[in-house]
Amino acid sequence: MTTVRTRIAPSPTGDPHVGTAYIALFNLCFARQHGGQFILRIEDTDQLRSTRESEQQIFDALRWLGIEWDEGPDVGGPHGPYRQSERGEIYKQYSDELVAKGHAFPCFCSAERLDEVRAQQMANKETPRYDGHCMHLDPAEAQRRIAAGESHVVRMKVPSEGVCVVPDMLRGDVEIPWDRMDMQVLMKADGLPTYFLANVVDDHLMGITHVLRGEEWLPSAPKLIKLYEYFGWEQPALCYMPLLRNPDKSKLSKRKNPTSITFYERMGYLPQAMLNYLGRMGWSMPDEREKFSLNEMIEHFDINRVSLGGPIFDLEKLSWLNGQWLRELPVETFAAEVQKWALNPEYLMKIAPHVQGRVETFSQIAPLAGFFFSGALNLDAKLFEHKKLSPDQVRQLMQLILWKLESLRQWEKERITGCIQAVVEHLELKLRDAMPLMFAAITGQASSVSVLDAMEILGPDLTRFRLRQALELLGGTSKKETKEWEKLLASIA
């Protein structure tokens with residue numbers, strides 16, 4: 001009997017996302033329930049955005065939740081390497097095989113030509129897709145151009161008509177027309193694979209039997225299915241999980257909800273409660289109980305109990321469930337958990353240099369730096385009264401800074417300062433006009449340690465959470481203002 005093998009394959013391009021943990025949990029439960037294995041693979045072919053720091057954060061966040069893997073970059077295994085950036089020669093071998101079989105072709109089209117083709121197709125109300133310009137190039141001519149060092153990608157061929165039947169474990173057979181599919185790039189000009197080729201090759205070579213992934217990948221499933229067909233490989237069973245949603249039913253995003261696992265760790269949620277809550281996202285225990293452990297979920301796990309309705313990720317419900325877990329802890333365990341959270345040595349070492357020179361006794365630390373150990377703050381609207389700016393201008397300035405910070409990929413003091421500076425200069429203001437508002441939103445005080453240092457230490461999700469909290473206190477942003485201010489944001493360098 002074939003051993004069930006599932007996997008999670010996150011990209012190390014930012015803070016570890018709750019959506020990653022959600023999909024990892026269901027892959028883990030499915031594998032364990034069937035006596036199988038769960039693999040962690042790192043999809044780091046985006047060399048510009050991928051970092052080892054983000055990779056380590058993924059490891060740490062999943063382990064904090066209690067999610068462990070049988071094979072992966074840090075634990076090894078018989079199917080390594082488990083980082084896609086270390087498997088380049090493997091992908092090239094299989095890309096060359098597809099070209100040799102006539103299932104793929106080198107494409108030399110420039111970005112300018114592709115833009116022109118797509119613009120013309122859109123003007124004609126056609127689906128934008130590659131027009132096959134290089135598909136019928138003479139193979140000898142293509143090889144001559146490659147040998148001469150001409151920049152190119154490798155594209156897969158796809159049918160131009162008919163439908164692809166996608167067998168989904170949750171939805172049954174899903175029919176997707178082939179004319180919606182583009183001739184997908186498989187190998188980029190830099191010699192690295194795209195998601196589609198790497199995904200299929202790795203899943204096959206690593207013996208993955210079941211793929212549980214987010215439903216946002218369902219529309220592109222025909223490309224993956226066609227690649228399995230081209231290689232002559234058995235396709236793993238496919239299961240497209242419902243996406244996590246905000247309370248307003250929109251896709252979970254950092255604009256409306258903190259999405260980083262590290263945010264919830266820093267806020268003082270128990271990992272057991274967080275995992276329990278993620279387990280209730282679109283799934284329920286047979287007896288409908290709300291509180292259950294990972295082992296209990298594995299014992300009773302049945303993929304057919306997954307509901308296709310978009311599960312709502314609601315902070316209030318998560319907090320309620322966390323409270324249930326906290327209240328059932330023995331007092332000694334509760335005290336130990338508080339100590340582990342509040343007196344985290346690594347976190348304290350980040351804070352200590354900014355506090356040590358400003359206090360004369362330890363008792364002065366809490367009033368000065370207590371905000372480092374809080375989640376939501378009790379804000380006073382009077383702190384946002386500005387000598388120079390009207391209330392509307394205050395909201396606009398803070399909203400633009402929040403949006404600008406949302407686009408920041410590397411959370412460092414200099415880059416945070418640069419974001420704020422860019423906004424204030426565009427509004428013809430000074431940095432000193434914004435800093436009192438930042439102090440108020442981030443620390444809940446008129447003054448404290450350097451607010452820029454505080455923002456770096458608190459991290460992106462908690463910083464943005466507090467800015468959103470302050471904006472809500474000041475009345476929020478109307479739909480009309482959002483439209484107008486987003487246009488303004490686009491013009492800020």
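Count begins at 1; order follows the chain as displayed.
Using N, Cα and C of the backbone, Cβ positions are placed for all residues, glycine too.
Swiss-Prot assigns the feature motif ''HIGH' region' to residues 10-20, out of the candidate ranges 10-20, 43-53. Residues 251-255 are the range that Swiss-Prot records as motif ''KMSKS' region', among 171-175, 251-255, 411-415.
Each residue contributes its Cα atom, and for CYS107 (Zn(2+) binding site) and LYS254 (ATP binding site) these two points are 37 Å apart. Among the binding-site residues CYS109, CYS134, HIS136, the residue whose Cα lies closest in space to that of LYS254 (ATP binding site) is CYS109. Other residues of the chain with a Cβ within 8 Å of the Cβ centroid of CYS107, CYS109, CYS134, HIS136, the Zn(2+) site, are PHE105, PRO106, PHE108, TYR130, GLY132, HIS133, MET135, LEU137, ARG155. Secondary structure at HIS136 (Zn(2+) binding site), taken from DSSP and collapsed to helix, strand or coil, is coil. Around the Cβ of CYS109 (Zn(2+) binding site), a 10 Å sphere holds 16 further Cβ atoms from the protein chains shown.
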